[in-house]
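Chemist: Quick one: the structure is below, and I'll ask about it shortly.
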Amino acid sequence: MNNLSLSLAADYKAMVVSNPFDGSPVGEVMDMPASSATPLIDTALLGALVARELPRHERARILEATASGVEADRDAFARLIVAESGKTLKQARKEVSRCINTLKLSAEEARRNAGEMIPFDAYAGSESRQGWYTREPLGVIVAITPYNDPLNLVAHKLGPAIAGGNAVVLKPSELTPLSAIKLVGCLIDAGLPPGVVSVATGGAALGKALVAHRAVRMVSFTGGFVTGEQISRIAGLKKLAMDLGGNAPVIVMADSDLAAAIDACVSGAFWAAGQNCIGTQRILIEAPAFDAFKKGFVEKTRALVVGDPADERTDVGPMISEAAAKRAEALVNEAVDHGATLLFGNLRVGSLYSPTVLENVGCDCPLWYEEVFSPVVMLQSVGSLEEALTLANELQYSLHAGIFTRDLNVALSAAKRLEAGGVMINDSSDFRFDAMPFGGFKYGSMGREGVRFAYEEMTQPKVVCLNHTGTGASVISPGKTTTSF
């Protein structure tokens, strides 16, 4: 929370956070109206004055102490993620571990990334000058995070922003705000000064008001393409960083290790019930390997346990809502009606939607060209690498792609030609290391995340140039006289 939220809590109605699996209440937060945007930003403006003056070692200490706080309470964090998002316990535990790593990486960035010297004497006429540039804070950043990674994606915005000396107004998804609030509590316990991070809980009207506020210098958004377009229209002259979605292809060549490819693609397709912007959605298999891959993939999918995400044995939990599961079901039914073959799945009970595998989905079907964001994957036989690359590159989303092959030349050629922000060789599209640059080509994103790269997005360079010409001397250049100190 924040001091503003606590002082106004009595004036706002409650917003209930529900468990996607059984609908039970998990907690309540304030449903803050659009009118709260200005006081939130005013608080952040004061916090920004404090944040920019925090020594780098203190920023790093706070982030490291926060990582330790999350570590000490990791089981409670994991169970909260399960309760509010529907992720399975094993998936939630992995997310907590990644959050700890993200915070530690951010602490390292606070100490390391401070600019560099500039060789002014590299060009004639500047021999008397020396200087450097530093990375300076932007000021107030609005960070908007989604429901599918309710803890680590928050850390990916707060960590680099704090490392860079900024203040942040964080608007977590109204579906999963509790993990974010708990993380901010750890930051406060670690000594983060008041106003440096505020939490804004509410719906779209609040988000629009925050994005449109003139005092905000940057909006960092992870979410859907439609919302991203709306933000770009109303933000005005602000820096924007966005991760907007994906429809990730994976190419499987006939010479690949099929067992490894099947294991990786099953995980890549169905992790977090497919609610994953780099999740594997289309698998393009070279024809000689297609039947064997299909058989093994369906067998592995059939073995997945679907059910209560709090059960240690569960592999696939619910989607975020029954409406989301119904959307997936409708897209699959439409594809089948237009000639696709259902190989497994398409069973729904409430918000639970079974892992679903299809083949021969038409390229004109929404299931093929939209981001499905559900546990649905399509298999497609291809005659060559060229055909696979054409199909892989034809869509507007382009975060990650993957290719399986034993041929290094094929792998490197595909990596060069795939239009994606990241190409995973002998891995599914669903691999992300929190230190690497993360983003896409085309409409997949604007800017990059990954701690170092987000730090650079959230700071700005300032050049300092010193002209030292000797005591009492002066330098005369055509049309200009410069006198030394």
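In case you wondered, yes, glycine gets a Cβ from its N, Cα and C as well.
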Chemist: According to Swiss-Prot, Lys171, Gly245, Glu371 bind NAD(+); identify which of Thr145, Thr356, Thr390 is listed for that same site.
Modeler: Thr145
Chemist: Let me know the DSSP-derived helix, strand or coil state of Asp243 (active site), please.
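Modeler: Going by the DSSP assignment, Asp243 (active site) falls within a strand, counted as strand.
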Chemist: Within its own chain, what residues at least 6 apart in sequence put their Cβ under 8 Å from the Cβ of Glu371 (NAD(+) binding site), listed in sequence order?
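Modeler: The answer is Gly224, Phe225, Gly245, Gly246, Asn247, Cys277, Gln281, Tyr397.
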Chemist: Provide, as an integer number of angstrom, the distance between the C-alpha atoms of Lys171 (NAD(+) binding site) and Asp243 (active site).
Modeler: 15
Chemist: About how far apart, in whole Å, are the alpha carbons (Cα) of Thr145 (NAD(+) binding site) and Asp243 (active site)?
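Modeler: About 10 Å separates the two Cα atoms.
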Chemist: Whole number in angstrom, please: the longest C-alpha to C-alpha distance across Thr145, Lys171, Gly245, Glu371 for NAD(+).
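Modeler: Across Thr145, Lys171, Gly245, Glu371, the widest Cα separation comes out at 23 Å.
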